[in-house]
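Per TrEMBL, these features apply:
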| type | residues | note |
| --- | --- | --- |
| DOMAIN | 111-280 | domain 'Tr-type G' |
| REGION | 114-262 | region 'G-domain' |
| BINDING | 120-127, 166-170, 220-223 | GTP binding site |
Amino acid sequence: MAKKRISQQTQNINQQLKQKTSQINEKGVFLYNEPLTISEFAKALHHPVTDIIKYFMKQGKLFNQNQILTQELMLELCLEWNIDFEKAKVVTYENLLENINLEDDKKNLVTRPAVVTIMGHVDHGKTTLLDTIRNSKVTNQEHGGITQHIGAYQIKTNNKLITFIDTPGHEAFTEMRSRGSKITDIVVLVVAGDDGVMPQTREAIDHAKVAGVSIIVFVNKMDKPNVNTDRIMNELANCDLTSEEWGGDTIFVYGSALKNQGIDELLEAILVIAELKELNANPNRFANGTVIESHHDKNVGSICTLLIQGGTLKVTDIVVAGSVKGKIKRLINDTGKIITKAGPSMPVQVLGFETAPTPGESFIVFNDDKLARKVALVRQTEETNKIRNNRQISLGNLTQDVATGELKQINVILRADTQGSVQAIVQAVNKINVNDITVKFIRATIGGISESDIKLAQTSRSIIYGFNVRPNHVIREAANNAGVEIRLHNIIYKITEELELAAKGLLEPTYEDKIIGQARVIKTFHFSKVGTIAGCVVINGFIQRNSKVHIIRDNVVIYNGEISGLKHEKNDLKIAKKETQCGITIKNFNDLKENDIIESYLVEEVETK
Ligand code: GDP
């Protein structure tokens, strides 16, 4: 039985990997991706070949049945014959963890617990609320379990389970989202009754909305004397969260995390929303889910917390998370108990990954060691390439995407000095009218650019505009690391002009050198065939083969050139990371000396000044 299940899973994955993408699916929708010949296309759409040939003949195009149809021509035919079409999701080894279709037959689905994240402004009581809920309702309390902080926990109320992600704060939440994984079903937005809606409250709302997650408002600190619930309802209504008492559809619960008041009502509200959302999963298959936390322990190796989203995870399962493979050695639940399996919505700590996977990565159980190894390997290579090609979110890049027709909307986050500027810019930009390209403000508020803006820009692929505001070096660096472009202006007209050009796909990019790393020459070796090889150690960033280099001697650039070889011992490297030793050769340059600095850089597009 088990064997059959294993071979079925492998078969299913292999099938999806091989699946032809351009075909008609079971709903009658034509999925397009790779071009087909006229005869293949006709067969897929159950149409006579001659019809297609005749159709083109009328336009003066003489095609035979072996003619390959471009995507445009296929779509033209679909429109002509009134057939729905959709871009196909291609499953490859690189995107398998995210793109594989694990959709389960409806008859195999059972209800699963809701997964809840608590968000809100600092000091409004998120941690206290998480602790209070946990202390009063921990599932295994009766077993005398010890509280283990593993990044998430489950409680039982009214005989139903609820999973809480135990990492309050928007960073963790958006971090996960920016990796494309969706783990939360419901956000509990904590608002202190004596304080009201604050900047991070608004940020939390923005993030939850982008993620399409249901929000329940918990008005906390109701035990304090100076609470004003009307004011809070009013402020939240201005953020599109209108309470049910006021005719809206957002559940508001009032209480005190500190005094354990309103907690039962909050849990009740979560169960109501969970029921409405009909959350379910199939427990009877190999597991998949998301990495919540992970770290390396020098005694036991990598320890990580997984949230199971479908299927059941068991000891000895072979699993890949991100680019890391593992074989589950031990499962530990949130009360520190060793368990043998974990089902949907359950957080579980596991031992057995070869290295610590990155939180936010998806994982899948494979039970085919070869396949798992291949997926992990392909993804490792891809990660290395990504460091190289890290595609920036820049207006220039978006312009290109507009020009190629890949993008129909340019997302913008705006920070300005005054409310008046915000309004003026939004109005001016909204007047931009270019074919069917729109400019959308994901967020437009007053104040300085924050790290949360950068995270939001990353998840929503937005350009950040600062109007009469200046980001400090911490923010600049964060934006740089995240590959998000910040554009600064003090004339409204400049913003509209730029965005209009971008919407037309006409913004011209400019380029600048981006330093990616430096290596110090330790020793030099001279060979008549290859010239000088510099034995180096990478002192910061990384050195990349085929990148350009500055050779720096005593703080002066003495040569500009290109790397022609990068090796570690006898092996060719694509990248030499920080602290590794490597041998570097420079094209047409042999005058390297000890203590020279080899600075590797890429030429990248930058904001037009
Ligand atoms: P977080 O930053 O949102 O995680 O907030 P904390 O949970 O750390 O709480 C911030 C402060 O508010 C702490 O001093 C808590 O004791 C206090 N606090 C939290 N909830 C309540 C409450 O319901 N009533 C009162 N009076 N204080 C609270």
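Including glycine, each Cβ sits where the backbone N, Cα and C put it.
Features recorded in TrEMBL, as mapped to the structure shown.
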residue	record	DSSP (3 states)
G120	GTP binding site	strand
K126	GTP binding site	helix
M222	GTP binding site	coil
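Close to ligand 1, meaning a Cβ under 6 Å from one of its atoms, are these of the binding-site residues D123, K126, M222: D123, K126. According to DSSP, the region 'G-domain' (114-262) comprises 51 helix, 41 strand, 57 coil. Across the region 'G-domain' (114-262), mean pLDDT in this model comes to 85. Close to D123 (GTP binding site) in the fold, though at least 6 residues off in sequence, lie A192, D195, each with a CB less than 8 Å from its CB. Note: M222 (GTP binding site) has non-local neighbours G193, Y254, G255, S256, Q261, G262, i.e. same-chain residues 6+ apart with C-beta under 8 A of its own C-beta. Compared over the binding-site residues G120, K126, the count of CB atoms lying within 10 A of a residue's CB peaks at G120.
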